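K.L.:
Have a look at this one before I ask anything.
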Amino acid sequence: MKRIVIIDYGLGNLRSVQKGLEHVGANPAISGNPEEILTADGIILPGVGAFIDAMKCLIPLKGVIAEFAESGKPMLGICLGQQVLMSSSEEGRLTGGLDLIQGRVLRFPKSELKVPHMGWNNIRIKQDHPLFKGISDGSFVYFVHSYYVDTTAENTLASCEYGLDFSASVVNSKGNVMGTQFHPEKSGTTGLKILKNFVEMC
């Protein structure tokens, strides 16, 4: 069985992601150990909370995560985990991210729409990629976020509309570093299928 490690860096919904992966037949480990991360077949970077707090907690693992990404093995960031994959965020003050995917994290502008963007919304699939194998365009998934990713079309796997069009799922140029702004572990059968697809990529 493939070894999937959920990175424990002090922030994130580790147990719900673990349960989602177990539901699709994986046996994930939760670890912040660099050796366990580097020897994994795939890693997941979950996250809830503030971007700047996440980056402070990730300082000891920044090089390890970059090395894993360079190896070509699959990596998935979820929610805040997607945001920290990017170059920078304007949350709090301008804060540098892991810079594994070019792009910025911006706050939703003031409008009649409530922020955070919370609840079910549909996504538009923009690229043919194994992460979205068998997922229908227009599928509904579950979001909870006040900031969104702004990146290129080349780095966008799926988009979502909430006052503006934003990247609901991102990918690097090699195709192995991916992110979802939505929570696949809370997105019913669609989300579980996405997690299953990730496991199959590992």
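Cβ atoms here come from the backbone N, Cα and C positions, even for glycine.
Relevant sequence annotations retrieved from Swiss-Prot are reproduced here:
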type	residues	note
DOMAIN	3-202	domain 'Glutamine amidotransferase type-1'
ACT_SITE	CYS79	active site, nucleophile
ACT_SITE	HIS183	active site
ACT_SITE	GLU185	active site
K.L.:
Can you work out the mean pLDDT of the predicted model over the domain 'Glutamine amidotransferase type-1' (3-202)?
P.N.:
95
K.L.:
Would you mind listing, in sequence order, the residues at least six apart from CYS79 (active site, nucleophile) in the same chain with a Cβ closer than 8 Å to its Cβ?
P.N.:
ASN13, PRO46, GLY47, VAL48, VAL144, HIS145, THR180, GLN181, PHE182, HIS183
K.L.:
Please report the three-state DSSP label of the residue listed as 'active site, nucleophile'.
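P.N.:
Coil, per DSSP.
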K.L.:
Counting across all protein chains present, how many other Cβ atoms fall within 10 Å of the Cβ of HIS183 (active site)?
P.N.:
21
